[in-house]
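What TrEMBL annotates here:
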{"type": "REGION", "residues": "1-24", "note": "region 'Disordered'"}
{"type": "REPEAT", "residues": "88-130", "note": "repeat 'WD'"}
{"type": "REPEAT", "residues": "131-172", "note": "repeat 'WD'"}
{"type": "REPEAT", "residues": "226-253", "note": "repeat 'WD'"}
{"type": "REPEAT", "residues": "257-298", "note": "repeat 'WD'"}
{"type": "REPEAT", "residues": "355-396", "note": "repeat 'WD'"}
{"type": "REPEAT", "residues": "397-435", "note": "repeat 'WD'"}
Amino acid sequence: MESESESGAAADTPPLETLSFHGDEEIIEVVELDPGPPDPADDLVQEMEDVDFEEEEEEEGNEEGWVLEPQEGVVGSMEGPDDSEVTFALHSASVFCVSLDPKTNTLAVTGGEDDKAFVWRLSDGELLFECAGHKDSVTCAGFSHDSTLVATGDMSGLLKVWQVDTKEEVWSFEAGDLEWMEWHPRAPVLLAGTADGNTWMWKVPTGDCKTFQGPNCPATCGRVLPDGKRAVVGYEDGTIRIWDLKQGNSIHVLKGTEGHQGPLTCVAANQDGSLILTGSVDCQAKLVSATTGKVVGVFRPETVASQPSLGEGEESESNSVESLGFCSVMPLAAVGYLDGTLAIYDLSTQTLRHQCQHQSGIVQLLWEAGTAVVYTCSLDGIVRLWDARTGRLLTDYRGHTAEILDFALSKDASLVVTTSGDHKAKVFCVQRPDR
């Protein structure tokens, strides 16, 4: 039935270029004045009122001439090996999240357990401004698609957005307890999932809002698909929903045996949005067709598959999928597990290709664009680069004195920015002889 709603939308629903948001006192119709030739990849973009998508020349990031002189918030050296170029040290507790501005890759935003978020410069760690006003741990932070806005969200559900050039707060909203937050890839639209099961979508800074009601349990992870028209959201009860962002309905719902047997931890989509990968504390990674909503593959590493099944109370102490992603140049997917296993799967044969072991749990993984290199950060405080074709460790970067909690990779893969339980964020310059 849900699949039919997608195919029949053209006959029964408003034009794609119309999107209704519920404001405080009225329904606001947002209409793109000049949609131009139809482009399905830009449908949601065309629905945003007065959005200027004119391409600007991207500034080149500062890739050399690092300023390493000690200054406020920047630490020049630490005991033990430190491969980092810059250390940002204005946080006074664990730093939970980091994001780079997508336009120039010259700025970072970090959020931490100290209820603070900062926007700072990668080249020398200089603070641009503090995203003030949070009263709980800042667990989500990110820049809009054009780097003009930066959003921060704390555990209590307070979200704030600043305009980067003026450093002024332009929008805030209090939702339920926050689980995840993400900007739309082409428009000034912010999405977030909360503990009450809702997924929210706001147009910033007007605040026009839509909500997508899930099951009565936390919406634990979510991702806007590359077409900008749909989002995949995972829930604590193991269900997965693919939402139509225009119509507000779920196109596909995966539950029971098609869903997961535990809370979802992460979701990812391949470059063209045809495939979705979902991960859970049940140690399974499921490959889902975004078109049909059907599971087309299930992955478990051999070391996990050989373990006896554990009771529900033992799940959290055994293992779980922590991060996953698709390679952009080969039919490969990577799955990172809490037990330290990095599994590389061949999607064409749906077989395990390589298994790379870490000394401690994997927190996150990222694929380098245009290559078969996958980066991992882990609880031992080390960033590692792996060649997914061979399973070989290429290099690693050290410098943190506690676990790495998040990391980001610049577009050209010249920089890795990490955050840690040691209260620091670090910038590493990636140098590889094979490039």
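Glycine residues also receive a Cβ, built from the backbone N, Cα and C atoms like all the rest.
The stretches the repeat 'WD' (397-435) and the repeat 'WD' (226-253) do not meet in space: the count of Cβ pairs below 8 angstroms, excluding pairs fewer than 6 apart in sequence, stays at fewer than three. Shown for the repeat 'WD' (88-130): DSSP residue counts in helix, strand and coil, namely 0 helix, 22 strand, 21 coil. Residue counts of the repeat 'WD' (257-298) by helix, strand and coil are 0 helix, 21 strand, 21 coil (DSSP-based). Shown for the repeat 'WD' (226-253): DSSP residue counts in helix, strand and coil, namely 0 helix, 15 strand, 13 coil.
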